[in-house]
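Presented below is the structure to which this report refers.
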Amino acid sequence: MSDFVDRVTVHVKGGDGGNGSAGIRREKYKPLAGPNGGNGGDGGSVVFVADRNATSLLDYRFMPHRVAGSGTMGLGDNKDGSKGEDLILPVPCGTVVFEARGEQGKAKHPGAQLADLRHEGDRCVVAQGGAGGLGNIALANKTRRAPGFALLGELGEERDVILELKSIADVALVGFPSAGKSSLIAAMSSAKPKIADYPFTTLVPNLGVVIAGDSRYTIADVPGLIPGASEGKGLGLEFLRHIERTEIIAHVIDCATLEPDRDPMSDYHALENELALYADKLELPLGAIPIPERPRIVILNKIDVPEAKELAEFVRPEFEKLGLKVFEISTASHEGLKELNFALSALVHEMREEVANREQAEEEARVVIKPLETKGRRPRRADEGGSALEFTVERRELGNGEVFFEVRGVKPERWVMQTNFDNDEAVGYLADRLAKLGVEDELRRKGAHPGDEVRIGRGARMVEFDWDPTISAGAEMLDGSNLGARGKDLRLEELDPRTHRRSNAERRAQYHEMMDARAAVRDAMMAERKAGHWADPTVDDDRHDETSLFGHGESSEDGETEE
């Protein structure tokens, strides 16, 4: 079996993010030290990198499932989890990455192009790792001082991609089977393709590096084409993708064939017809030269055979009338190879300069579109004259007449994945975030009522719940007592006199309040003394005062006071 594979489907998955920690600091003499849970580590990503040492996609055929490392969970004592290791996957230069489309369990076909890894070191992140969950120390603020929950890590991105290798060569050799393409590449370079005297010996493309003086260029041997290849005959047009990047197309024509109804001119036109059919279905990148407009040369092979030599001399003027350069060669005797080599080198040099100028012009004319800045302001509804919401709410109806509301958006779906639904406080925090984002207001605007079913997310990550808009974002009543806002520990409240540590300003204010209260009491007592309600023996005299409660009138024998 050949070790050359130029198309594979790969299932990639980024690493999951680690969960945050909901740790509480415990230290001697500090019973209320607060939260200290660290954040979870981010998951690793799957990255394809163009590597000149890679020559085939064979490894991905036998190992199509690739998963990056996951992040670890956060720990107490403010320790964050470690990041998952990125998975670096080398691919040959010239590999194109496509999004795989198709039904589950069936063969996938290429969709949108994700990357074109043409040059050494080109990188493409195809599966992003999940973000690590925040620990409770990161969730704490002045109103939520001791969160009893942490956020879960996000799942890594998971998808199918198709890798398609398109050989990067300067010259592509096309021709009928047994025209001598493999023999030509073996004679001009150090490549050692399989050579035999039967059709379709070459089943995979072969690349060879040719040296001409101080310059070098590459040639690609494309498996043989026959009329009807666009309809699937022979090897079809499967391998013609390898000529998409070549700037020069060289027709190798067998002048010694004994097959009926074949001659050099008919072979040339038959191959051009197949190339045209392939070019009609091809979507080239911006600025690329269409295949019918690329320069062509004609190589008349096997002139070491006398009859072939005569035929080559006969048809040469016909090709020159079409504006084509014609070379008569023999791969067996190496006749004409030197002239062909230097002619191809000069043509390659000319095309490289043209390509460089074209790429520079495209770079100067490129339009850069920058995304709108969304930082700082809360998005408004489109009908309010602002930007669109960061989510959408749609009213859906099932076949049985039941109605539910579907919430879609990056933030709501991400928040749902981060929530631990076994923790009531975490669920409440999610409700606060959704309300602050405007989901509840949008649900009301769409006609939702308490108890209606609401769905957030899609697929296996979807969450269903009955909408209850009565929970306030500031505080809620649990067990009949006001426990304050979610994540608030009343032991840490500033108004708690048992543990509150007063500042110097508070001490001075309390001292002045105490002194003012004492002065007010003294003034009230002095007013009562002056009114005669009481007397101070050390200050007041012993004179009889009828109005005094402490008068010194003489008492009678029967105990009555003498007037």
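Cβ from N, Cα, C; glycine included.
So that you can see what the record holds, here are the features copied from Swiss-Prot:
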- 2-168: domain 'Obg' (DOMAIN)
- 169-349: domain 'OBG-type G' (DOMAIN)
- 175-182, 200-204, 221-224, 301-304, 330-332: GTP binding site (BINDING)
- Ser182, Thr202: Mg(2+) binding site (BINDING)
- 383-469: domain 'OCT' (DOMAIN)
- 529-563: region 'Disordered' (REGION)
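Checking Cα-Cα distances from Ser182 (Mg(2+) binding site) against the binding-site residues (Pro223, Lys302, Ser330) with a 10 Å cut-off leaves Pro223, in sequence order. Of all the binding-site residues listed here (Ser178, Ser182, Ser330), it is Ser178 whose C-beta has the fewest other C-beta atoms within 10 angstroms. The secondary structure of Lys302 (GTP binding site), as reduced to three states from DSSP, is coil rather than helix or strand.
Cβ-based neighbour count (10 Å, all protein chains) for Lys302 (GTP binding site) stands at 25. The Cβ of Pro223 (GTP binding site) has 24 other Cβ atoms within 10 Å, all protein chains considered.
Put plainly, the binding-site residues Gly175, Lys181 were compared by Cβ crowding within 10 Å, and the winner is Lys181.
Taken as a whole, the domain 'Obg' (2-168) shows an average pLDDT of 89 in this prediction.
In the three-state DSSP scheme, Gly175 (GTP binding site) is classed as coil. DSSP classifies Ser330 (GTP binding site) as strand under the three-state reduction.
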